[in-house]
Amino acid sequence: MAIVSSVPLASKSCLHKSLISSIHKLKPFCRTIPTLGMSRPGKYVMPSMSMSSPVSDDGVQRRTGGYHSNLWNDDIIQFLSTPYGEPAYRERGERLIDEVKNMFNSISMEDVEFSPLNDLIQRLWIVDSVERLGIDRHFKNEIKSTLDYVYSYWTQKGIGCGIESVVPDLNSTALGLRTLRLHGYPVSAEVLKHFQNQNGQFACSPSETEGEMRSIVNLYRASLIAFPGEKVMEEAEIFSTKYLKEALQKIPVSSLSREIGDVLEQDWHTNLPRLEARNYIDVFGQDTKDTKLYMKTEKLLELAKLEFNIFQSLQKTELDSLLRWWKDSGFPHITFSRHLHVEYYTLASCIAFEPQHSRFRLGFAKACHVITILDDMYDVFGTIDELELFTAQIKRWDPSATDCLPKYMKRMYMILYDMVNEMSREAETAQGRDTLNYARQAWEDFIDSYMQEAKWIATGYLPTFDEYFENGKVSSGHRVAALQPILTMDIPFPHDILKEVDFPSKLNDLASAILRLRGDTRCYKADRARGEEASCISCYMKDNPGATEEDALSHINAVISDVIKGLNWELLNPNSSVPISSKKHVFDVSRALHYGYKYRDGYSVSNIETKSLVMRTLLESVPF
């Protein structure tokens, strides 16, 4: 019989006594951050999702989307003032990094805290902790050495708590499966079968101890990293989801209950690493009673808090630049569309918060904001004649081509033209080659897909599911949201690597598919109210006479589940010639954009969960 282990995680945290005195003098303070979405303190304006009455613009009858206004004005910058950019904090952070490296390096049989009966789970715990706290970028070499050690003891039945453990352990095996798989080690999910009984249930005790619950938490987390055809992972997800939801109803409110709630909430394909770090900071180490382990969790926790807050000083500079771009480009005069530049910057910061990736964050925010304006222009505001003209002129890629365009289109043409050219120059600096024509082709394909959808709207044509879906993967915008921003990073993307992460790669195809499918399940009713009939739901119903909306949604959700497993495989296939590090940023763009549809259409109704994300990860510092 398999045994269950746990590594205790922590009691109430406070600042380590060695924190330098200058930091004690620099404490953050709480304040209310007003936004344009506030009508009065604590009261938020809910948007109308119905289509507004047609409006006249120079005698042209146009539709509007009925979206709420921009939630953020220039005053947002003053609320990003933070003391954590001062040298004292950075110096303290550097010392903590060295201390945590020593924690990794001190793991040995001579360390009294480790023994051949617990060293594997302890090693996995520290790797998992630094990753969930968002500080793993400092410890790449240490993580690699630690996981190499764990993998050297991996068997077809998994692993025990330590190298001399006689019996495999569910907690160690589940956490090992997840962590090793995410780092590209060839580990099979079949190891989980050794923890199932004849009925397919995973070995559990009636008492539901804390150790057992933590094991099931890691089983659930592992089950989300499933590959196609892994039935045992599906069984593990079903079992662990049910177990943890029932456990939440029984156990008192505690750091464990909060951790379980957070884990259930953080689906792998909508999980944003910076948001996960912010949430995990609140529960990490809250129940630790062992003095030595407590000291270790305190160092990790202090470093995580400092890293989180120090990054906000950089975000202030970047957001100031983004707001100037938004204003100088003339976006305030574009009143028919949604304005989500702050929201997109927040998403970028949640998936790429390494300081050196500034160009990626700003490029992603700009590209996505332009995509949104074009979406509203093609779907709602523009006439079919105007849109055909705009589409044709984009292919000329010449500022003089704007002479024949309406005023609002001239502005959008030049915004797109300048943005693509600017990011191409940045990409040339990073990659050492000119990528402008490559990027132009991607944007032309994207705009062609919008033009196709505009024609469907204008003619009332409802395509087949396959016809709609192939076009919809392009119009999802995933490719143009990811392509130029990743090329500006300090990561080499030679042609042979780029073709494996960009169109027409399987990775790009699946990431685009998820965004189209999930987006349609969240938007189809509102889109229909605005006159956009074509969606995955309506096209499926057309192809399957008699099918209801519920039937269509059930089918599409099943397809999404399969696509997610395929995307996992494309990212983590241990036999791939493309490094995970090259694929991960495209994958993370998928996660960020997918997050916007996690609860609803968070791009049209951005004053609920999306606003909360901005507040929690961009505007609010972590208290010490």
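If you go along the chain as it appears here, the first residue is 1 and each next one adds 1.
Just so you know, glycine gets a Cβ as well, placed from its N, Cα and C.
Swiss-Prot lists motif 'DDXXD motif' at one of the ranges 35-39, 375-379, 440-444, namely 375-379. A Cα-Cα distance of 12 Å separates D375 (Mg(2+) 1 binding site) from D527 (Mg(2+) 3 binding site). Non-local neighbourhood of D379 (Mg(2+) 1 binding site): G65, Y450, E453, A454, I457, D527, R530, E532, each in the same chain, at least six residues away, with C-beta under 8 Å from its C-beta. Of the listed binding-site residues, namely D375, D527, the sparsest CB environment within 10 A is found at D375.
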